[in-house]
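> Pasting the relevant annotations from TrEMBL:
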type	residues	note
DISULFID	Cys916-Cys926	disulfide bond
DISULFID	Cys920-Cys937	disulfide bond
DISULFID	Cys939-Cys948	disulfide bond
DISULFID	Cys1014-Cys1023	disulfide bond
DOMAIN	912-949	domain 'EGF-like'
DOMAIN	982-1024	domain 'EGF-like'
DOMAIN	1265-1521	domain 'G-protein coupled receptors family 1 profile'
TRANSMEM	1250-1273	transmembrane segment
TRANSMEM	1285-1307	transmembrane segment
TRANSMEM	1327-1349	transmembrane segment
TRANSMEM	1369-1387	transmembrane segment
TRANSMEM	1422-1444	transmembrane segment
TRANSMEM	1470-1490	transmembrane segment
TRANSMEM	1502-1523	transmembrane segment
Amino acid sequence: MTESNISSFLYNINRYSKTNFDCFYAHIIDDLYQNDGTFIRTNYLTPFCQRPLLNESMNKDLTSKEGYVKNRINFSSLRSQGITSEQLLKWSISIDIIEEYAIYLIENDPKLGEIIFLNCSSLWFGSHCQYTFGSNIEIESFGDFLVSSFNNRQKYPSGLTINTCYPHLFGCFRGPKPMCLDWREICNGIIDCIGDNFGIDEKYCDELEMNECKEDEYRCHNGAQCIPLEFFRDGWTSKDCLDGTDEEETFTNGPEFDDTSTLNCIKMLTFPCEERSCRYPRSFPCGDGECLNSELINDHFKGVLCSGTRRNINYAYSIYKTLNHLPDDCQKLILHKFGLYKPSTNEKEDYSSENWLLLNNCSMDNISFPAYPIFNGYFQVIYSTKSLINDSFSNAPPDYVCNDPRQCLHLPKATIQIGGLDCRPFNQVVEESYIMDLYDLHSILDSLMDICSLMGNINKYTSNSSLFYCQSSQRYISKHRLIDSFVDCYHEEDEKYQNSCLLNDTQRFLCQSKQICISPIGITMFSGDCRDEYISLTKPKSSLLAFLCNFIPEVREENGDDDETNCEWWQCNNPYTRCDNIFHCANGIDEFDCPNSYCNINEFKCIIDDSIDYLCISQANIYEKPINCSKHNDDEIICRKLFYSANLINEKNKYLSWKEKTCLTHNDICGQQSLNNQHLICNPVKKPIAYLCERLIWDINNNKPLCALQLDDPIFRYDRFFSKFNLGYFPSIINQTSLSSQKHINMKITTKVSMNTSIELIEYCNRGILIYEGKSYKKKCLCPPNYFGDQCQWQSQRVSLTLQIRPMGSIDKKNSIYHIFIYLIDDEYKIIHYYEQINYIPSIDCQTKFNRYLLYPTRPKNVKHNYSIHIDIFDKITLNYYGSWYLSIPFPFLPVNRLSTQLIIPYEKSEFSKNCSLECGIHGKCFYYINSPKSFCKCDQEYSGHFCHLKHECSCSPNSICLNSSICLCPLNKFGSKCFLQHTSCQSDNPCQNNGQCIPINDRINKKGFICLCNEGYMGLNCEYKSNRIDITFRTDVIPSVIFAHWIIAFDDRSYQRITTFKKVPFDQYSVTLFVKESFNILFIEYLNNSYLTVLREEFIPLDDISIDINIDNMCVNVSKLLNSTIFNYNYLHRIKYYQFPCIENLKLKCFYDEKHMCICDKNRYSNCFDYNHNMIYNCRGYNYCQNNGRCFQDNATCPTTTMCMCEKCYYGNKCQFNTKGFSLSLDAIFGYHIKPFISFFKQSKSVKITATLTIIMFITGFISGILSILIFRKKFSMMVGCGIYLLTTSITSLLTITIFTIKYWQLIFFQMNLITNRSFLYMNCLLIDMLLKIFLSSVDWLNACVAIERAITSLQGIKFNKLKSRYIAKRVIPIIFSLAILTYIHDPISRQLFDDEDEQRTWCIVNYSFQLKIFDRFINLFHFLTPFIINVLSSLIIIIKVFKTRTKTQKKVKNTTLFYVQIKRHKHLIIAPCILILLALPRLIISFLSKCMESTRDPWLFLFGYYISFVPLLLIFVVFVLPSKKYKEEFLILIRKKPRTTQ
């Protein structure tokens, strides 16, 4: 985009302000990568508008202001030419006019067709082409243009005069012009408003001192804010407190001069400067965010300036100019006294001669300076004219020092009043009176200024638990000011306080050496031990292993061991000794092959005669002679002598070869036999003989020095962190692909705009942007929201809001997109006075802080109204409402209300409350805020108001949401104030490759820009690159359902970064794939409380596809299993020095761990250990939505995109809301996961095919059995007794049941394969099928029980059995059975629902009982199963016992055993049926009681067996009841015989 269409950035008017129009939006991004590896981004979208004092009406005739116009045209003409609104975006037309044209194209209103607009010439823009920036530069974005404009100001350090004022404290007199009040001077602890409205700038400010914050908040030091604790010390560019005390300050000129941080406010117009007051007491605000720590005149003489505004110099000059009211001769006297010259246009007068005194005609008796008591903030000094004349060339002090009687109440009592001021003789109130110039006067008055500012209070206080009373200083201060390194009480009671650690302030730093707890703001000002402790605690800590065996004791344990004892088995060449320019190994092997080496591999740099010339000496050519160490004391330093030879014949091993001795040991050097196996451990040489004195290498041939080994300055190891050196590559690299373009992934090339604007033009708009109006090039200013006026000279009342939005993670989808509206409303009428919008994409914006301004509706704001902030969030894809937050605006007396907060997006959207106290009428619903117990009415479209009682017309486009009469929520593909303009960037061909999702950028940032949300496995600005792929196959006995991936990223200059993600393992698979976009060095996979080393990459390889099997060899082993008990029981510091052994002795070992460390076996089999937290807790930041004790996990602890519940045994579902407990389980829960969606039946698993075959066999068997049974039991002789009726009903029911079961099975197959997707059909089947199966199964059991009962009664009654009565009973019992079954299972369909599993892409039919229904359901299932079972058992026993007893009486001579077998055989038809039913029921009974639930879907076979066996009795009706019975069998044979005759 060039200057010719800069107008498409222009918005004509903000409809919620009558004094803001013609706005450009500046989009600025600040990125900060911190030392701890964290990343913070701040996002600004700031409107720069014309903001005049009086409204310049948009309807005002602008013809006279027109600039250069290309052509004039009306809408109807445009339409006839076929020009679209999208094409107009390339023209020099404002957005609002383009949208009006889009509306005209849709509505075809003739009135709109007559609208004439101007197509501006190049470089001109505006509704009448009235504006130009006055340059020929190309502007791609207004934000870049703004940044370049302010960068241009750096060309004039301390040369710009910027003077902005706060006008809304009426009656405040700050001093002589151009002195005026800056908003930062309100509630700064100093009275800046003098005169009639004395002290109004400090009115109500006592409320800040007494303000307290919640436990999870940080209290900004001035008390004006409470910010989330997470914002504390999160990055110096992100100052969330108005006073900046949430971040440490970096001094540029030292604390005695100013508190200017590394932020350079001369070039910045962002929150850290513009929305920042002074950090320290009694500071002078420069007006742009910088502050001077001492008073303005003192700094003026020191040469310390407000570099971006010169405010302190201008104010100092304005104080001098107060002498202008004096007669000329009187001015000369006082100016001469201060060593100054008279400020006039005349040439400087020479006051060095005493002759001028004779000519001085000052008629005044006394001369006061300055005209107001503002010197040092409080004073006015008075000289007598006589003393000025007599002591003009001496160091005589003033006669009096005076102050306002309402201040400095603790100074000695005034002796005189002069001009309404309390005055005291100067020599009586100051000890020193040596005054040669104005600087001396200022310095001497410092002591009085301290009394005035540090004795007593400006406001009246009463005792409060938040306050501390300085007894001697008679002053109340906040307890948070205690021990903050700044004296707040004159007698220093605040800094001498002894009980600072009892203040219950968690942010204080405990200094152990002094036993004091220091305020966070004060620790940076401390020196000595406390400062050292703080640095030691807060700086990233090196690994403990970096301190071991380096000859410097640094870590000590209670038993006397330290890091330098027991080093016999510590490796000298390890990742922490490598390349630190120190020979830890005797032959220097730890310094081989280092980065930035001057020489080749295995060579040392050797300096010749202390010059810059050097040799590269090969290790193979270095020798040394063994030393007789016995001649030396143990502590005596022994110098080793090195020799060089290229062709030495080493006879009798006279010399030690550095090459041949891979590990040069102490014994080698001393000529003794080595004890250690040098192939295992090469330990450091003992200290006394470790020295290579002068590091000289001698020529072995002439015994003269050849050169000296030279290493650079040592790299101190306490700055060493986890090292990736020598990690190696596991699994090995197969195809290493290197693409130069890979380096540019996610990088956009931006062009910088070069500016060269003069001082005069910069100063004209102060902190605004200059534009020109009309052909006369009249100067106009575009002001940011914090300024207004025709030259941006006035400071606004405003709310400066910082939002960090954090998702809890989506349960069902990853690429969420939200639209957020921020409203400034008045609490009484809920009227929206100002609003801002944010498009929020969690996967991109999670680490972003959004900084936005909210302006009050009037200037000044109406103090009678209370305001608050209401924030709505919508799903941008569906436009569904998601929830709302409420933010109160405390301390309405402050000119700037700085709010910084964190918004947490919950897992699920808010639901309206039925128990709300608000009456929202028929056009609204009551909701509760996400972050507050307050409620509000959310109105339907076309309604608004506190109670949704006001109707308004909606002007939004179709398919958009009308939030009120002028605020529209646009669909993703539309923009504009009324959503009539189309985003074209994502409309035609998707610019996002590989099916990436294209998201248009906010139109106020870029009209054609877009963002690609890439699918898993792809990355890049357009998703054009493949991510690194890691395929993991599990070769372990137990396949996990979820794995945790711990990614380790090593850095050279700071601690490693650990990122933990999770991944679900599909239940029917034994592998999982991870995709990686960011570089990493180590990957651990954790599951079932074990960690497995999965990937090692010494250097990250882009586009690296990795395949790895995880087996027992990958598992990290506890060190207790690798060390013998003696070594393991050593104290920790002693034990860790043996950690080289596990890797050396166990060649298959890849990693091991202890309670503090994780250790990797590198490619040389050395142990590389680093600190590792084995007990990291990812509990979704305390928001656990999982049910039934499920554990909540997020795929990223800070910025989750998805959230998962890890369920306890027996539970499943995305919230663990479903369980597999209970007597009867549905086939869905038992077997559903084994059916793969979107795969044909023939490609399904074996288990599916086996169960399908079994189901078909059961159906065929059951169908034949059912038909035959019906044909037999419907015979007349069968129906003569109730038993026959029961059996006929059982046969019919069994046939229906097995048919429904078969339908159930195949429906489940089709549903889970997604062959049937009709939701209504799915829902009806969900409600009915399982209930019918339960009813019929229970009915069959009861019918069988009835058969058993009747047969038992028959055996008991014999010939007395009444057949008619049994038939009568049967006809009435059967309906009762079915009715009972229906009534007892009616709760089942009521509790059923369809559940969409996004992860598995399935729809489930699930049942979710309440606690009471669970108990009832279990009881009913047990009742329907156990009661018939018990009846069958008892009936069988009764029949057997009765028959046995009867025959025993009649046949007494027959043996009981023989008789028993005979009777069993004779009455087998009565006995076999109940016995078979009992046997079939037993497995089901055992499974139900022995197994509480199905613990895993991976192992369903036991429950599947139990489920299928429950249908077996239905298949065996014929076998159980027909075949054992002689009569039924005969009928069956007759039936068979009749069949052929029937067919003939």
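Yeah, the Cβs are placed from backbone N, Cα and C, and that goes for glycine too.
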> For the domain 'G-protein coupled receptors family 1 profile' (1265-1521), what's the model's average pLDDT?
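It averages 78.
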> Any chance you could find the range in 1250-1273, 1285-1307, 1327-1349, 1369-1387, 1502-1523 with the most Cβ pairs under 8 Å to the transmembrane segment (1422-1444)?
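If we count Cβ pairs closer than 8 Å to the transmembrane segment (1422-1444), 1327-1349 scores highest.
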> Here the disulfide-bonded residues are Cys926, Cys939, Cys948, Cys1023; which one has the lowest number of other Cβ atoms no more than 10 Å from its Cβ?
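Ranked by other Cβ atoms within 10 Å, the disulfide-bonded residues Cys926, Cys939, Cys948, Cys1023 bottom out at Cys926.
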> Looking only at C-alpha atoms, tell me how far Cys948 (disulfide bond) is from Cys920 (disulfide bond), rounded to the nearest Å.
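The Cα atom of Cys948 (disulfide bond) is 6 Å away from the Cα atom of Cys920 (disulfide bond).
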> Provide, as an integer number of angstrom, the distance between the C-alpha atoms of Cys1023 (disulfide bond) and Cys926 (disulfide bond).
43
> Rank the disulfide-bonded residues Cys916, Cys920, Cys937, Cys1014 by the number of other Cβ atoms within 10 Å of each Cβ, and give the residue at the low end.
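Ranked by other Cβ atoms within 10 Å, the disulfide-bonded residues Cys916, Cys920, Cys937, Cys1014 bottom out at Cys916.
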> By DSSP assignment, list the helix, strand and coil residue numbers for the domain 'EGF-like' (912-949), in that order.
3 helix, 12 strand, 23 coil
> Per DSSP, how many helix, strand and coil residues does the domain 'EGF-like' (982-1024) have?
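DSSP composition of the domain 'EGF-like' (982-1024): 0 helix, 11 strand, 32 coil.
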> Compare 1250-1273, 1327-1349, 1502-1523 by their Cβ pairs under 8 Å to the transmembrane segment (1369-1387) and return the stretch that comes out on top.
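The stretch I would name here is 1327-1349.
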> Nearest of the disulfide-bonded residues to Cys939 (disulfide bond) by CA-CA distance, picking from Cys916, Cys926, Cys1014?
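Of all the candidates listed, Cys926 is nearest in space.
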> What is the separation, in Å, between the Cα atoms of Cys920 (disulfide bond) and Cys1014 (disulfide bond)?
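Cα to Cα, Cys920 (disulfide bond) and Cys1014 (disulfide bond) are separated by 42 Å.
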> How big is the Cα-to-Cα gap, in Å, between Cys916 (disulfide bond) and Cys937 (disulfide bond)?
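For Cys916 (disulfide bond) versus Cys937 (disulfide bond), the Cα atoms are 10 Å apart.
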